[in-house]
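Participant: I have a structure here, written as structure tokens, and I will follow up with some questions on it.
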Amino acid sequence: MRLTRKVFSDLAIFMGIFGFMIGTVFPFFVTLLGVPSDYVLTLPFFIACISAGLIAGGVNYYLARKVVGSRLIILSNVGRHMRSLAETMRRGIHQADEEELTVMLSTEELCGKMGCQIEVDSDDEFGESATAFNLLAQTLSRTIITERAAHSFSNMLATQLDIEPLADKAIRKLMLYTNSVGGLLAVVEHGELETVACHVISDVHSVLRSDYVKEAINSGETQIIRLPKNAEIVLNHVIGEHNTKYVIVDPIVYKGVSLGVIVLAAEKDYDEEVIHRISILRIGLGLALNNSLTHGRMRLLATQDPLTGVYNRGFGAKRLNEEFQRAVRGDSPLGVILFDIDDFKVINDTYGHLIGDRVLIGVVKSVRSVLREGDILTRYGGEEFLVVLPGASSVDVAQMGERIRHAVKDMQLVEGSQSIHVTISLGGVSHPELNVSQEDVLIRHADEALYRAKGAGKDRIEMDKSGFKPLLNSVN
Ligand SMILES: Nc1nc2c(ncn2[C@@H]2O[C@H](COP(=O)(O)OP(=O)(O)OP(=O)(O)O)[C@@H](O)[C@H]2O)c(=O)[nH]1
């Protein structure tokens, strides 16, 4: 029943009416108790009773206002605060830097910091209201934190294209936003899970081989593992030194396909909000990971020879140019070898093109086994390869050429009952013994030397005549 828009105004009116009615009825009530009506049904007695009723109503009103009003003030302040609370939080959280955001991820701290919790000091409806308000404020703050985390996460994803830095930053942020002590991110490559970023987790292989990971990948659904106490021993070697109790395995899905998996491990239970937060963050991660993987594949396509996996001619030429510039700048030698498989047409004609392809792959494998880190192998043409040897003088080039020649010659390639023998001819040159201003000239000289090696009977290395004079070639 409401008369006005204010509860205490209503109460004052009702108390007034109530006092007046009590005062009016009281003289008649007194006659029922045997008091002669001449005494009580008089105007002064009526006035006295009504006055007493109004005073009682007034006192009631005063007490109600004191007892209930003081509590209602809390709620009215809350009500006033409520309107600005969301805005205050939003501003506070958005202005927070990454470190402050980490602190805020503990809900209590956030609400403490923002002053958004009110004291619960009774078990009545007011206490319930205050509890409900605190819950509401907490939920609101957590939602805003998740939004802030998603914003920061998306910004990070937008700045990374290469898979490894992307995965590393993503897993660090995810650990931060979920209070995890360890985490890893693995992607599916050729049907196998490959780890691209890992923190704290020690035995990655055991983790990736676990049924939880398989289930997450196959079903596309989050797996939450609450480790029983006795499982600690089993997982101690798996999840580093921390006393891990909870593990989340989350598939990274893009267009219904599992691209990989996130594993996060924590000492405290992951609550629903954190699980929800991960599910939001991984949506953007799926898209970013897909872009990154596609970018990586495109780059491989643009730089790699699909058959042998070494650089293709275009990219090899670019790398040679870079190494040449570096050598000129650093005044250091640069060796170049061009080699070609001997009588490869005969191999193709005898065994077929598929075996010819296997020979090419085998030659690359053998050559790679003798190259040093930093040497660059490129498929220059059909069965012709370019080797760039940074820091190699003519003597080094000749020695490396011999090592390459022997590695190919010693290669064991068995086809059915026959073993295929492969030899190569090489032409080598080194800058600045051959002082050139452009790297193309090095290739031309190496090609001429290779031509001479072919003409001289194959299976040998010829060095550029204008550079290194004494030849090391020997035909064994
Ligand atoms: N199987 C296979 N064969 C290739 C590939 N690329 C080029 N070839 C073949 O390599 C052969 C090269 O033959 P030639 O240029 O006559 O050279 P060669 O037989 O090695 O003779 P020399 O260089 O004088 O020792 C050709 O038969 C090409 O078809 C490839 O990717 N796979």
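Numbering starts at 1 and runs along the chain as it is shown here.
Glycine residues also receive a Cβ, built from the backbone N, Cα and C atoms like all the rest.
A quick note: this is a predicted structure, and the numbers were derived from the prediction, not measured.
What TrEMBL shows for this protein is this:
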{"type": "DOMAIN", "residues": "117-145", "note": "domain 'HAMP'"}
{"type": "DOMAIN", "residues": "332-466", "note": "domain 'GGDEF'"}
{"type": "TRANSMEM", "residues": "12-35", "note": "transmembrane segment"}
{"type": "TRANSMEM", "residues": "41-63", "note": "transmembrane segment"}
Participant: Tally the residues of the domain 'HAMP' (117-145) by DSSP class, grouping H, G and I as helix, E and B as strand, and everything else as coil.
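Facilitator: Counting residues per DSSP class in the domain 'HAMP' (117-145), I get 21 helix, 0 strand, 8 coil.
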Participant: Which residues, given as numbers and ranges, are at least 6 beyond the ends of the transmembrane segment (12-35) yet have a Cβ under 8 Å from it?
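Facilitator: Beyond its ends, the transmembrane segment (12-35) has Cβ neighbours at 3-4, 41, 45-46, 49-58, 60-61.
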Participant: What are the helix, strand and coil residue counts for the domain 'GGDEF' (332-466) according to DSSP?
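Facilitator: Once the DSSP states are binned, the domain 'GGDEF' (332-466) shows 59 helix, 36 strand, 40 coil.
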Participant: Same chain, outside the transmembrane segment (41-63) by at least 6, Cβ under 8 Å from its Cβ: which residues?
Facilitator: 8, 11-12, 15-24, 26-28, 31
